[in-house]
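Q: Below is the structure I would like to discuss, written out as structure tokens.
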Amino acid sequence: MSDSLDNEEKPPAPPLRMNSNNRDSSALNHSSKPLPMAPEEKNKKARLRSIFPGGGDKTNKKKEKERPEISLPSDFEHTIHVGFDAVTGEFTGIPEQWARLLQTSNITKLEQKKNPQAVLDVLKFYDSKETVNNQKYMSFTSGDKSAHGYIAAHQSNTKTASEPPLAPPVSEEEDEEEEEEEDDNEPPPVIAPRPEHTKSIYTRSVVESIASPAAPNKEATPPSAENANSSTLYRNTDRQRKKSKMTDEEILEKLRSIVSVGDPKKKYTRFEKIGQGASGTVYTALDIATGQEVAIKQMNLQQQPKKELIINEILVMRENKNPNIVNYLDSYLVGDELWVVMEYLAGGSLTDVVTETCMDEGQIAAVCRECLQALDFLHSNQVIHRDIKSDNILLGMDGSVKLTDFGFCAQITPEQSKRSTMVGTPYWMAPEVVTRKAYGPKVDIWSLGIMAIEMVEGEPPYLNENPLRALYLIATNGTPELQNPERLSAVFRDFLNRCLEMDVDRRGSAKELLQHPFLKLAKPLSSLTPLILAAKEAIKNSSR
């Protein structure tokens with residue numbers, strides 16, 4: 001009798017997506033042909049030795065040592081002039097590498113003719129040398145879904161079949177030579193749950209930009225193709241500057257001034273490994289004094305590709321504590337490792353929920369409200385997150401919603417109220433970022449709007465497009481179209497339009513959108529718990 005009563009009281013299970021969007025990335029194919037990689041310096045030397053033998057002679061070796069070292073050229077400028085012939089519909093003076101990218105981009109000739117400048121903008125982005133093999137600080141890969149969000153799924157050496165030609169492949173010979181230089185004990189990276197082409201892209205050091213604010217690029221807009229048959233549309237300047245990078249010792253000295261003194265093993269107990277990456281490990285642990293469960297990232301500093309970002313991320317997290325942000329708790333230097341202690345949210349990332357379950361408008365409104373509260377706090381403290389997406393939203397089992405991953409965040413100052421670096425994740429990028437214009441905090445609002453579409457449709461717009469064409473569509477299409485707009489309420493559609501307004505001045509701010517009528521539909525955060533449980537169960541079943 002009691003069993004039948006219990007069954008009657010249980011709420012119906014939340015709806016699951018018929019086709020999980022959390023699919024293996026190998027299912028996607030953008031027909032992106034990889035570009036050949038420029039030969040590395042050591043390979044050039046090997047070829048020279050084969051042409052000029054005698055390197056094995058001791059006398060020659062001695063002479064080689066005596067030769068003065070000639071440094072690489074600096075402050076040189078390589079200018080590319082690309083034009084567009086409106087009659088033939090072809091670009092003129094386009095580099096071969098760009099031509100190859102364009103051929104595999106699926107951007108039609110009509111689209112190229114319609115907006116050649118947008119095509120060149122996205123080509124410039126892909127050609128940016130600093131996008132190759134860059135990796136965010138504190139990013140790991142793991143097959144453990146509970147670690148998702150703490151173990152970011154955008155590690156640059158995690159390759160999948162559908163990866164776009166951001167990082168050209170290396171030959172087997174070059175690959176072997178690189179592997180010899182790396183630690184043989186490094187575990188192989190696990191394939192990330194999201195397609196590799198949704199990974200975050202980093203093209204300029206945030207620390208460098210903060211330390212010495214530079215004025216936005218005021219390069220004049222080239223004449224349009226309509227005004228001349230063959231106009232110079234684009235100038236690409238490639239400079240190699242002497243950068244004032246911090247030395248490893250300077251970084252360690254700065255970290256020592258930030259971290260706590262003492263042995264973390266005396267403060268935390270019951271360490272349980274939840275993730276492993278090439279540069280470190282993530283554990284859960286208990287604070288002995290409070291009993292609080294925490295996440296601890298243990299990173300080998302020697303294996304961190306951008307050590308300068310460590311200081312940036314820790315300082316931003318430490319100085320910006322908020323109920324809607326995954327809060328930094330503490331950090332320690334233990335030998336060659338940096339241990340960063342953060343809040344632990346056992347619910348996993350929002351990505352698991354959006355890809356495995358169907359959210360209703362009340363639940364979506366609740367998530368949007370919590371995210372806007374986090375963004376309002378950050379923006380009021382002159383911080384732009386720059387990588388808002390479901391992967392960077394963590395959930396507690398009680399339904400709490402918190403923003404994480406400050407590897408790309410930027411501090412803005414009165415002297416530098418706009419930024420012009422290309423960072424973020426392509427499918428969530430605001431148009432002004434794609435077209436490399438100066439931008440402000442409202443780039444986070446656009447990304448939030450794209451994330452709201454994720455919650456409706458299970459994935460961001462253009463995810464199945466070639467990444468280069470997706471960037472073109474973001475730059476030219478304006479507000480992306482919904483698959484089934486008629487299924488959404490008028491108030492929700494208006495909220496999306498306010499977030500995804502092309503005109504930045506008309507786009508809502510976090511403070512303004514917190515007053516939007518759509519947020520009045522928000523259900524209690526506890527309504528997210530059944531979705532979290534259903535997503536965990538679906539993922540567990542799919543892995544069997």
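Quick reminder: no glycine exception, Cβ is built from N, Cα and C everywhere.
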Q: For the set SER50, SER142, SER489, say which residue Swiss-Prot annotates with phosphoserine.
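A: Record lookup, Swiss-Prot, feature phosphoserine, residue SER50.
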Q: Out of SER31, SER74, SER139, SER224, which one does Swiss-Prot list as phosphoserine?
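A: Cross-referencing SER31, SER74, SER139, SER224 with Swiss-Prot, phosphoserine lands on SER139.
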Q: Which candidate in THR131, THR158, THR198, THR421 appears in Swiss-Prot with the annotation phosphothreonine?
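A: Of THR131, THR158, THR198, THR421, Swiss-Prot lists THR421 as: phosphothreonine.
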Q: Note down the number of other Cβ atoms within 10 Å of the Cβ of ASP387 (active site, proton acceptor), including every protein chain shown.
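A: Taking all protein chains shown, ASP387 (active site, proton acceptor) has 28 Cβ neighbours within 10 Å.
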Q: Return the average pLDDT for the region 'GTPase-binding' (65-108) as a whole number.
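A: Taking every residue in the region 'GTPase-binding' (65-108) and averaging pLDDT yields 65.
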Q: Where does ASP387 (active site, proton acceptor) sit in the DSSP three-state scheme?
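A: DSSP call for ASP387 (active site, proton acceptor): coil, neither helix nor strand.
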